[in-house]
Amino acid sequence: GAGADNDLYINQAIVFIEDAIQYRSINHRVDSKSLWLYRWYYSRTCQWILSLTITVILALAFVEEPSSLTITSDVRYRLPAWNPPCGLMESVELLCFLVFVVDVSVKSYLIGWKEFWKNKWLMAYILTLIVSLADWIVSLSFFCKESVRIRRILRPFFLLQNSSMMKKTLKSINSTLPEMASVLLLLAVHLSLFTMFAMLLFARTKDNQQDKEWVVYFRNLPDSLTSLLVLLTTANNPDVMIPAYSKNRAYSIFFILFTVLGNLFLMNLLTAIIYNQFRGYLLKSVQSSLFRRRLGIRAAFEVLSSLKETPASAQQSFVSVGALLQVLQKAEMDSRCKQAIMRSLKMCSCDQLSAAQFQKLFEELDKDAIKQHPSSPEYQSHFMQKVQFAFGHPYFGYLGNVVALANIISICVVLVIDADKQPSERDDFFLGAINCFFILYYLLEMLLKILAMGLKRYLSYPSNRFDGLLTVILLILEIATFAVYGFPHPGWRPEFMGLLSLWDMVRLVNMLIVFRFLRIIPNMKFMALVVTTLLDLVKNLRAFAGILAVVFYAFAITGIMLFKGAVVPLGNTSVGPMNSWNIGPTTSMTLPKKNVILWCSAQAELIYCFLFVLSVHLICRWAKIYFVAWWLISSVIWVNLFVALLLENFIHKWDRRCQRESLSDIEYQRTVELMFRDVLEEPTEEELMEKLHQHPHLHLCR
């Protein structure tokens, strides 16, 4: 009947508006049961369960054998790690797989089977689940004693496929690879030519004493390539040059030319190309998100215009205000936006809305989120008004910054004086006394600001919350110190009592005081601009961090399987830098330990040690391919991609720094979408209608 049709149209409009808010695709089933299932799937509870499941299955690697549940990685001091019995972690893993099976089944059903065969991510999702379940069965059949577990490498895929932003980022990276490949090929040619020159220059001679360069670095083709590749990262510079330089100074020209051409020219050229090709990534992504939002809003308008109560018009479609209010009451959206739209509807004198008016109402979603700070209390007393003016003035904050600077300087003076003293020779009376004085000032400053501004207004500023939290922690630590050791007095020396020694307590207090000095950042405009840009990047570019975590996880698990038992610790004997990693059959390489190794090699600091120990001493030539591949992905490609995004966002924000006046009582909360809002192109009505008519499940009347 007409009532059932109207209810369906209302529910469709609700879902389309929620899709627009979250920048989701509207290409899904739109019948009543599917809409209920769709809203249930995207509810906070279901998404929280899915996120928790992904977190649990990724965290299993920290508990599974080899277990990471130890405080220290040094085999000489740590207790044996707890390894779960066979079947315990596998049971948890099976529960996670069941959640993923439900997830992929619901997704496949909602988009429809025709669309499913076009969706490569869903097909890869199912294939990953099949391989993981097969590997899980094999693991149980071997009583968890198998050395290779393929499903552990595949686990990061569950995180990757659950984020639309990560998938979009990966697609953009894939489109940049051809341009990067050309520079990498040029880099390979540069490396190969200089390798041949090196083998000719440092060939073996009759005098073994003069062949140190050949013996250590250029004995054969693989060693020569490795030495120059590491030199490209500057990790073995100038060590690789010293034997030849000792023999003849002219040999230094070879190494200088290689470094200048490779490191200064080709590597920076790669950064420039990546920036040039990738700088439009965010803009394209935000443009696509804007189109999805406009399409969702237009789809909601079209279905609401089909309501039986809406008067038909051959020329133009309209939506009644009552129908829109009914949709807004049921839709999940930010209360600020909902109230703003309802206010606009009340101010509107018309009962019907055209497509342009309907779209304009929802432009509230694109606006900055504005946080209005509460007003200060109004005191009747003339004296209190003067107190409020004095301690609410910005100059009082500047005085606090000066006091914090004086506190930092005093700590530095004490640290310099006590740098060479033994703990038993230190007298902490002076440091304890000045810390007590400054902490009392910070407490007084916080209380006076609360008196002047009011508690609600004081807490509405992030800088005040930061100050207040650190002041309370400092006060608690100071009270605890006095309770255990008494008040500062001459000869106040550290001794161990309870959880922390006096020296530990004083150090912790001083570290917090140093950290508190960051309060000066909001008072320095250009520094504040740099910091807010970095915070915006951290907050809004989570997709890049997610993909980096995926790569870290996959390489770490692969390394654990490849190098299990590769290096045997020699007890208390220190044989070299790699022995400190304690990698061996009795102390299997764990996930945190492997992540630290990958981080160090990504920074090119210890890559030469890893290549030397794992490939020369252990005759494991595959180690070279593993670490070189990791260095290329993490240090060469990924770092340059991040630099490109950092430059694009920073330049964009730097150019717009003067466009907005600084308002003391208003705080703008910006997202990546809002940063580029002024340069985006609005989609035309023809583009929106063409896309709507291509919807696989929605059939419009016009």
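Cβ atoms are placed via backbone N, Cα and C, with glycine included.
A TrEMBL annotation is a machine prediction, not a hand-curated record.
Taken from TrEMBL, the feature transmembrane segment covers 45-63 (among others).
Marked as domain 'Ion transport' by TrEMBL: 51-278 (among others).
The transmembrane segment annotation in TrEMBL covers 92-110 (among others). Sequence-distant contacts of the transmembrane segment (92-110) (same chain, at least 6 residues past either end, Cβ-Cβ under 8 Å): 28-29, 34, 37-38, 41, 49-50, 53, 56-57, 60, 116, 122, 125-126, 129, 132-133, 136, 151, 158.
Residues annotated as transmembrane segment in TrEMBL: 122-143 (among others). Non-local neighbours of the transmembrane segment (122-143) in the same chain are 86-87, 90, 93-94, 97, 100-101, 104, 107-108, 111, 116, 149-151, 154-155, 157-158, 161; each lies 6+ residues outside the stretch with a CB under 8 Å from one of its CB atoms.
Per TrEMBL, transmembrane segment is recorded for 180-202 (among others).
Summarising the annotation, TrEMBL assigns transmembrane segment to 253-275 (among others).
What TrEMBL lists as transmembrane segment is 395-417 (among others).
The feature domain 'Ion transport' is assigned by TrEMBL to 395-650 (among others).
Residues annotated as transmembrane segment in TrEMBL: 429-448 (among others).
Sequence annotations record features per position, and here TrEMBL assigns transmembrane segment to 469-488 (among others).
Annotation comment: TrEMBL describes 508-531 (among others) as transmembrane segment.
The feature transmembrane segment is assigned by TrEMBL to 543-563 (among others).
Annotation source TrEMBL lists transmembrane segment at 596-620 (among others).
Under the heading transmembrane segment, TrEMBL lists 627-647 (among others).
Note: the stretches the transmembrane segment (627-647) and the transmembrane segment (429-448) are not in contact (fewer than 3 CB pairs below 8 A, sequence gap of 6 or more). For the transmembrane segment (45-63), the residues of the chain that approach it from at least six positions outside its boundaries are 69, 84, 89, 92-93, 95-96, 99-100, 103, 152, 155-156, 158-159, 162, 553, 556-557, 590-592, judged by C-beta separation under 8 angstroms. For the transmembrane segment (180-202), the residues of the chain that approach it from at least six positions outside its boundaries are 213-214, 217-218, 221, 224-225, 227-229, 232, 244, 251, 254, 258, 261-262, 266-267, 269-270, 273-274, 277, 632, 636-637, judged by C-beta separation under 8 angstroms.
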